[in-house]
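Participant: Pulled the feature table from TrEMBL, pasting it below:
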BINDING   B:Asn6, B:Leu7, B:Lys8, B:Ile138, B:Gly173, B:Ala194, B:Ser195  substrate binding site
ACT_SITE  B:His85  active site, electrophile
ACT_SITE  B:Glu133  active site, proton acceptor
4 protein chains.
Amino acid sequence: MFILVNLKAYPCDPVEIATAANTVAESSGVRIAVAAQAAHLERVSETGVETWAQHVSPNGHGSFTGSTLAEAVADAGAVGTLINHSENRRKLADIDGSIEAAERVGLETCVCANNPEQTAAVAALSPDSVAVEPPELIGGDVSVSSADPDIVKDAVSAAAAVNEDVDVFCGAGVSTGDDVVSAGELGATGVLLASGVAKADDPKAVLEDLVSGL
Amino acid sequence: MFILVNLKAYPCDPVEIATAANTVAESSGVRIAVAAQAAHLERVSETGVETWAQHVSPNGHGSFTGSTLAEAVADAGAVGTLINHSENRRKLADIDGSIEAAERVGLETCVCANNPEQTAAVAALSPDSVAVEPPELIGGDVSVSSADPDIVKDAVSAAAAVNEDVDVFCGAGVSTGDDVVSAGELGATGVLLASGVAKADDPKAVLEDLVSGL
Amino acid sequence: MFILVNLKAYPCDPVEIATAANTVAESSGVRIAVAAQAAHLERVSETGVETWAQHVSPNGHGSFTGSTLAEAVADAGAVGTLINHSENRRKLADIDGSIEAAERVGLETCVCANNPEQTAAVAALSPDSVAVEPPELIGGDVSVSSADPDIVKDAVSAAAAVNEDVDVFCGAGVSTGDDVVSAGELGATGVLLASGVAKADDPKAVLEDLVSGL
Amino acid sequence: MFILVNLKAYPCDPVEIATAANTVAESSGVRIAVAAQAAHLERVSETGVETWAQHVSPNGHGSFTGSTLAEAVADAGAVGTLINHSENRRKLADIDGSIEAAERVGLETCVCANNPEQTAAVAALSPDSVAVEPPELIGGDVSVSSADPDIVKDAVSAAAAVNEDVDVFCGAGVSTGDDVVSAGELGATGVLLASGVAKADDPKAVLEDLVSGL
């Protein structure tokens, strides 16, 4: 299981969380990455943690002021990127373009989708993974296993029917080690979570709990 | 073969073209529809031609000023709608929502996509059809059969691999009856065209040519 | 005072409300207009009521599938249009373009803004009017006179400082005849309202109340 | 005169240009800043040059994945930001929000606009400066003084009529020291340029020429 922590624009210290994530990843052997604001990527990657961007634009080099150029994100140390997060929905053609831009510079891609049909649609564009985020679970306290386990199973089936090489992550309803285990049992190979870590009083303790059942 | 004429925002007389399309459809027995500006739908549908919208919004009834409500479009006589045209690209989640909105009121859906991968992605959302529009052919004089026939074949295969119930239309490079026949031979069950009819000096003659080989 | 009723995408009968608005306008001598879905403009204008669009696109004739062409809106009988409603926020350059497009075909323009600073900004683009919509009042039951009268006064001053020819409408917090009178006392020359009429059991009675103090 | 160099997403070395800009600024005493990709801000600011972002989002801290948080941009060393560049047009309400977000963290703001009317509109939102970018001059070889000097003069007048505290920069048609002098004579207090420096074989030589007449 892969644990991908999205810091969003939360008022947390990205370096503190990145350092904790790196420590827990090394001690547990579990893969953990931190997705940070573009302007924070350089300092986050300097902690040694696996560093992801929260978005990359579909464009390449050129006249694109204010874009998030995949090459710049990679320069700053990112090795992966989220695309089409529910807070940052993108046009279909641009999701396709952003995946291509990310692959051009070697960034791993995780595209978000909010139901099994959209998961299948995204899988057809061949990203490395799709994070299915049932809207009713985003940012809430309800665990995916208790609330809507079928949506993860259905997303896993839907993606596999279109493209067997695409992993499915559980993109909401994960805040504890039990949730991570449940997500894995439903067929997910990773989890995408945010506030559970980024808003925690003790992010390291939360991360240790998240990996505890693996 | 289905011939879908998109009037875009061209400075044509929508009623004149709709009347011509209706006449040619009736005389030839070929299915022809006209996609008009929302504000023109009522007068276009009154000609008796099969009438399509150029877009519907994902929302239902509610506080959505300036949206293109599927129910309103249907009230005005539309029986189908384009979604995600290359001049009107939409977010993946909204394409999904617009298909759902259209189906809710019985509108047939044709979602545009500009390559085989996006065609497959759209097919996963189960519209009635996908129009593949190779960007290099849009608005040009080059026929699909001479320029890039593989993109239509590949789109047909890609859609079928994901969802066998989804038709594929050829969305660019069609301006003559020969092009319509070629599109059919490549596996398309319809063509989406615009300027070839809407900017013609004699739209009726163009429509007669388009159906001549069927 | 001008009473502009925005039907949004509400599940009301646009023809019934338009007919009521036309009757009340004629009997009272107060100017009343109805802003409808683009696809409903033709049937609304046929009632004889002053008809407005809810949005027009900045483009003119051309390859703009799914746009709301000002010319088409005018063809359908609209004589005015909202631009940049809070449910349909637009880019600054496109607000400028939409005002120009509307003026090109003789549509009166009312651009929405949600505070005095944005009202001044919009006034610099020379629309016919600006509707100030304090976000905290939109869709609520609180009248503008009791909740936040200064925002209307400040918007009137701010607009006048930039462009004396631009009227200011009160875009929220209006549901009764007293509210209309209060809006006028604050310097507004019109009111923009929606649910108060569109969701009413008896829209005509509401309209009669709205004009009762004028 | 202030010289603001926008690196866009050009395939240049941002550190090399930043270092050159810092050297020329120090040797000439002219204020020069470099606007970089968000992911490059940290390395650019480490050169000591005045560092600007190319965009900031209107949001503050919170659930805003993929946004460009003003606080993060400031963390990385930026002291100013472009907003609403012609390649990154924004909604009016978001321009207002982005100015507020930038000011909250002490970033200087330069909002782009493409004609005198939009310059006045932006001035009403009280940024520190507006860069007027006549679309016909962007990215071209024609100098502002030879092509369309009135647009700069008109923008200066239009801004002053609305808000005397807002500076106007010349946002296109500047590539030489003569152009900088001409811009100043037209009333601009700064210039915004991009490819002239970012695509130059010898950026330092171009920068030295730009400041040569001051």
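Backbone N, Cα and C define each Cβ position, glycine as well.
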Participant: Between the Cα atoms of the residue listed as 'active site, proton acceptor' and B:Leu7 (substrate binding site), find the distance and write it as a whole number of Å.
Facilitator: 16
Participant: Whole-number Å only: compute the distance from the Cα of B:Gly173 (substrate binding site) to the Cα of B:His85 (active site, electrophile).
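Facilitator: Just about 15 Å between their Cα atoms.
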Participant: Taking the Cβ of B:Gly173 (substrate binding site) as the centre, how many other Cβ atoms fall within a 10 Å radius?
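Facilitator: Result for B:Gly173 (substrate binding site): 29 other Cβ atoms within 10 Å.
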Participant: Please report the distance from the Cα of B:Ala194 (substrate binding site) to the Cα of the residue listed as 'active site, electrophile', rounded to the nearest angstrom.
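Facilitator: Rounded to a whole number, the Cα-Cα distance is 12 Å.
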Participant: Helix, strand or coil by DSSP: which one applies to B:Ser195 (substrate binding site)?
Facilitator: helix
Participant: According to DSSP, does B:Lys8 (substrate binding site) sit in a helix, a strand, or coil?
Facilitator: coil
Participant: Could you state the whole-number distance in Å separating the C-alpha atoms of B:Leu7 (substrate binding site) and B:His85 (active site, electrophile)?
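Facilitator: Counting only the Cα atoms, the answer is 12 Å.
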Participant: Quick one: pull the CA-CA distance for the residue listed as 'active site, electrophile' versus B:Ser195 (substrate binding site), whole Å only.
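Facilitator: Answer for this pair: 15 Å between alpha carbons.
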Participant: Which of the recorded positions B:Leu7, B:Lys8, B:Glu133, B:Gly173 have a Cβ less than 8 Å from any Cβ in chain C?
Facilitator: B:Lys8
Participant: In sequence order, which residues at least six apart in the same chain have a CB under 8 Å from the CB of B:Lys8 (substrate binding site)?
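Facilitator: The answer is B:Gln54, B:Glu87, B:Ala194, B:Ser195, B:Ala198.
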Participant: If you count other C-beta atoms within 10 angstroms, which of the binding-site residues B:Asn6, B:Ser195 is the most crowded?
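Facilitator: In terms of Cβ crowding, the pick is B:Asn6.
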Participant: I'd like the Cβ neighbour count for B:Glu133 (active site, proton acceptor), meaning other Cβ atoms within 10 Å of its Cβ, all protein chains included.
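Facilitator: By my count, 27.
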